[in-house]
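Take a look at the structure set out below.
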Amino acid sequence: MVSVTRTVFGDLPLGAGTVEKFQLQSDLLRVDIISWGCTITALEVKDRQGRASDVVLGFAELEGYLQKQPYFGAVVGRVANRIAKGTFTLDGKEYKLAINNGPNSLHGGLRGFDKVLWTPRVLSNGVQFSRVSPDGEEGYPGELKVWVTYTLDGGELMVNYRAQTNQTTPVNLTNHSYFNLAGQGSPNIYDHEVTIEADAFLPVDETLIPTGEVVPVQGTAFDMRKPVELGKRLQEFHISGFDHNFCLKGSKEKHFCARVHHAGSSRVLEVYTTQPGVQFYTGNFLDGTLKGKSGAVYSKHSGFCLETQNWPDAVNQPHFPPVLLRPGEEYDHTTWFKFSVA
């Protein structure tokens, strides 16, 4: 059984609307999601002793989400990840996007899908959010209708993304939750054991744009096909963290993506998806300036993201999986976050 409770989370400034919170609860999980950016604000999961902890980074109040912050828990789009130099060409026409991350465009621009109020609809086991992204929003072509649906089943949270357009446009949607299976507010994720089901990864240039090469993980820091303890891996290869796309199976069917195990609490997160890639990000840009729930300080490496998605900059790299959505087609992808103890 899943219960869904709807409450007011806060009011946007200048009468711009009311943000609501939807609490989804099963016997194993409790998830809070708000209508601002379809953002997961809390996710409580039990440890082996049956003690529940909130395992996502975020804020207790709406004000936290309205300040400059690194997309905690939000749905990002119209195009997640980076687009080189904020430009792409479609049918001979050049489109220019806002440059908001070094020389590139990141996560949909200055006011992406994470910074808008969505329209909610309560379901028996979850909540569906929808919005219309107008033609030209953040520089993207075409009016895009978008639906994001969160449903809960026992220990599994399912996120489905659907979109339809009236003009050809790139679309790439993901959720940007930062997890710490020891509980949010724990100082780091070094004791997390990570497995990623990927034979290849995308190396990046100094601005974090893929170089275009697809490189086998064999013999590199990126080989996580067998479980790897994160802190040891970072030390062993002298790297300051991960912020890379891992190339998954090309199948549109549900496939295993990643597993993270925290031995101290016995919590396990498994991720399954229909997407061709996952951006594994270890919170490298967190710097301790943001204060989160229960006074938590979010310092470098205090959370990790597994952003299931298409490959970054695919709109400019023709040999990457297709990222364009055309009129008459439907964008339809699903990711499953499955929590358990082991």
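For all residues, glycine too, the Cβ spot is worked out from N, Cα and C.
According to TrEMBL, the feature beta-D-galactose binding site maps to ASN81, ARG82, HIS176, SER177, TYR178, ASP243.
Residues or ranges marked as active site, proton donor in TrEMBL: HIS176.
What TrEMBL records for GLU307 is active site, proton acceptor. Proximity of GLU307 (active site, proton acceptor) to non-local residues of its own chain (separation of 6 or more, Cβ distance below 8 Å) is seen for VAL76, ALA80, ASN81, THR174, ASN175, HIS176, VAL278, GLN279, TYR281, given in sequence order.
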Which residues, sitting 6 or more apart from ASP243 (beta-D-galactose binding site) on the same chain, put a CB under 8 Å from its CB?
VAL204, LEU208, GLN279, PHE280, TYR281, THR282, ASN284
Suppose we draw a 10 Å sphere around the Cβ of SER177 (beta-D-galactose binding site). How many other Cβ atoms does it contain, all chains included?
26
Report, as a single number, how many Cβ atoms besides its own are within 10 Å of the Cβ of TYR178 (beta-D-galactose binding site).
26
